[in-house]
Amino acid sequence: MNDREHWAPLTRMNGLGNKILVIDMRGRTDKVTPQAAIRLNAHPDTAFDQIMALYDPREDAPDGWIDILNSDGSMAQACGNGTRCVVDYLFSADGRSHFDFRTIAGALVADRFEDGRISVDMGPPEFAWEKIPLSGSPGDTKHIALSEPFEPDPALQRFSAASMGNPHAVFFVPRDVDSYDLLAFGPRYEHHPMFPERANISLAQVTSPSSLSLKTFERGAGLTLACGSAACAAAVTAARTGRTGRKVSVYVPAGALEIDWREDDDHVIMTGPAEHEWSGRVDPNTGEWER
Ligand SMILES: N[C@H](CCC[C@H](N)C(=O)O)C(=O)O
């Protein structure tokens, strides 16, 4: 029997087009399962890039623990666009605008401003190759030569790497990011032997000392319209390689994310919108849902 009254609130949102499902698991003792994620992703109305599963606050998670699931059921350590959606979901419920969440990668402190924009402190980037992680001990992670198999275009044979809690490979390209067939080579790059935990693969075209355009093939989710942690990774690697300053506007089709890589504490602050689409409920164990 489907005891739907005991299903969890399901909210479909997006962060600049990054498709997010917020599942409110507070007050429950069960978990959103990878099987539920795969089933939800199989339906066109609930197909998503990430699930943000929000659990009760606990001693080390003042405003709640967040599990992040990719659409293939794998777990992610960071999700900037998804975090903004959780903030907006909670603000709509009780008007609160400051939050201190925890994920497996650490703290995610976020603030919602009067105009609806939301800032998330994504923490400091990590550049040490063994912590990203990369294999083959490439040493300097500013300019890494990709080992075979790679694309014939030289711009797709070297990258900069960073972790925002999750692994990112950023390829700086000279042309419009849409002029490359990222959908075609993204899967091979995501699973490349240099990325022992796979990687989020981004193409970045620097357009000024304070702006770049970005396109990302996400680990465990594929080509997405936006990726917040990739925007952070692209901004810090652009700054680190002297292509931009530490404040960068990262443009994706639906708009821009503002990234500020702070000098004083090395933290990366990402600011952008969140959009509510519809609300329903879901069985977090099976992925059965209704609006
Ligand atoms: N879309 C997310 C990133 C998800 C990262 C996930 N693809 C992984 O690292 O496995 C964001 O806005 O930050």
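From the backbone N, Cα and C atoms, a Cβ is placed for every residue, glycine too.
Remember, it's a predicted structure, so these values are computed and weren't measured experimentally.
Here TrEMBL flags C79 as active site, proton donor. Residues or ranges marked as active site in TrEMBL: C79. Among the features that TrEMBL reports, active site, proton acceptor is placed at C227. The feature substrate binding site is assigned by TrEMBL to N18, Q50, N70, G80, N81, N166, N200, E218, R219, G228, S229.
Apart from N18, Q50, N70, G80, N81, N166, N200, E218, R219, G228, S229, the residues listed for substrate, the same chain places the Cβ atoms of D49, I68, A76, A78, C79, G82, T216, A221, T224, C227, A230 within 8 Å of the centroid of those Cβ atoms. Neighbours of C79 (active site, proton donor) among the recorded positions N200, C227, S229, defined as a Cα within 10 Å of its Cα, are C227, S229. There are 34 other CB atoms within 10 A of the CB of C79 (active site, proton donor), with all protein chains counted. S229 (substrate binding site) falls within a helix when secondary structure is assigned with DSSP. Within the same chain, the residues at least 6 positions away from N70 (substrate binding site) whose Cβ sits under 8 Å from its Cβ are A37, D49, Q50, A76, E218, R219, G220, A221, listed in sequence order.
Every protein chain shown contributes to the tally, and the Cβ of S229 (substrate binding site) ends up with 33 other Cβ atoms within 10 Å.
If you draw a 10 Å sphere around the CB of C227 (active site, proton acceptor), it holds 35 other CB atoms from the protein chains shown.
A separation of roughly 9 Å, to the nearest angstrom, links the Cα atoms of N200 (substrate binding site) and C227 (active site, proton acceptor). Looking only at other Cβ atoms within 10 Å, the busiest spot among the binding-site residues N18, N81, N200 turns out to be N81.
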